[in-house]
Structure formats: structure tokens, C-alpha cells
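Asks: Please see the structure below; I have some questions.
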């Protein structure tokens, strides 16, 4: 009972802190939980902006050279930044309070990877396409743009463990069972590292840069869409018609963004396993450059 009383007091204290953060002279029928939901939505928009800016710089590289895609992703970045600013204004008008967390590119990579794993974006057209090129599950460009390669630590660990096993195997062993166990664990560790090593990924020379970038953008747009829907439902649950009405504007814009990016993705996916892909990517790049 005493523990339950303490938990109850802590919960009341946290609620009171949240209510103190809200501007009482402005806030009216505004739930603090909805305020945290809007804060997460703003963070998602900022994550989008960071990712699209990084992708725009990638398409501007000399070894990629797709200026149309660079212009397209720059416009997506600008749109995400404007959405974050407008939603920040909404929170201030409702009397809310915002905390700005640290936004990193790896958060965007995690969102893209999670959405690609659902299999709704990088989907082959027929059974033969599945055999030739299975659906992509890895955001290659996003991982390439990360400052710290997530596979470096695994590679170093495997290198150290292999050295350690090599030293132990050079010494004469008295018990054969111990040697067998060390070999078994060594092969097990090797399988784990090999499953996630860079060698299992597609070589960068074979990347379809335009298609991969657009598929990753579609994954981000779909993720933001689902988050806005959740926030919209929460606004209805907390009986906040004003916030719900304002969120419908973001839903309409997000629907247009998903539709626009999906059209471009489908255009390149129709040529993904054909020799005409490079030509189609060039034509699409020229079209995006003229927009």
C-alpha cells in the first residue's frame, strides 16, 4: 500500500509539472498529453528536414550527379521545415510548452528501415522480379550518410574476438571438450557478425540511387502520416475540436506528399529490373529539374 501511495504521489507531481509548463492564461481545453504528442510531431518534421537535407547533398555528389533529385529533396526539406514552424505556432497559440530534443540522422534511418520492413513500398511487380531482386529492407543511402558506420563496431569486435580465439588455439589444450566448445562459440559468433556485415549489402556500384532515395522518402512520408493520424485521434479523444481541425490541414498536405512521391517511385519501379532503368532515371531527373 505504501508503494502504491508513493506511485500515486509521483504521478500527481508529474501531472502538476506538466500543467505548470502550460501557459494557463492562454490554454483552454488543452490536454498536456496532447501537448507532448504535438511535440513529438514537430520532432518528426525536424527529423524529416535533416534526412531530406542529407539526401539532397548525396544527390549533389560528383559520383551521383542527379541535380533534379537534389532539387526535389531540397524542396521536401523546406516543406518539412515549414510544417514544423507552423505546428510550433499552433502549440504556442494553444498555450502549450515545447522541449526540443537532439535530432540525428540515425532516427530517420530507423524510421525508414521500420517502414521498409513492412513490405508496402519496395514491392516487385511479379514473381520473376522477386527472384531477380527481392524487396529492399535496408536504407542504403541513409546508412551511407551516417557519420559513424553501424557495422564498424561489429567488425572491430569480430576482429578482436578472432585474435583472442587465435591466441587460445595456438596454446596446447589438455581437455578436448574445452577446445570443442571454443570452436563452437567461435563459429557462432562468426555467423552473427557475418549476417550483419557490410559484405552482405549490395555494392554501391549497383545501387539504383534515384529509386532508393524516393523509396526512403516515401517511407518517411508514410511514417509521418501515421503519426499525424494518431495525434488527430488523440485530439478527438481529448475533445479538442480546434486542434483536431488544425491537424486536418496537415493531413491533407501529407496525403498530397505521399501521393506525389508514390507516383515517382512507381515510375522507377517499373524499370528496376530492366536495362532501361538508367535512361528512365535520367528522364525523371530532367523532369524534376524543370519543376
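Cβ atoms here come from the backbone N, Cα and C positions, even for glycine.
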Asks: So which range, 103-153, 154-204, gets flagged region 'Disordered' in TrEMBL?
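Replies: That would be 154-204, per the region 'Disordered' entry in TrEMBL.
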Asks: Ranked by the number of other Cβ atoms within 10 Å of their own Cβ, which of the binding-site residues 221, 254 ranks first?
Replies: 221
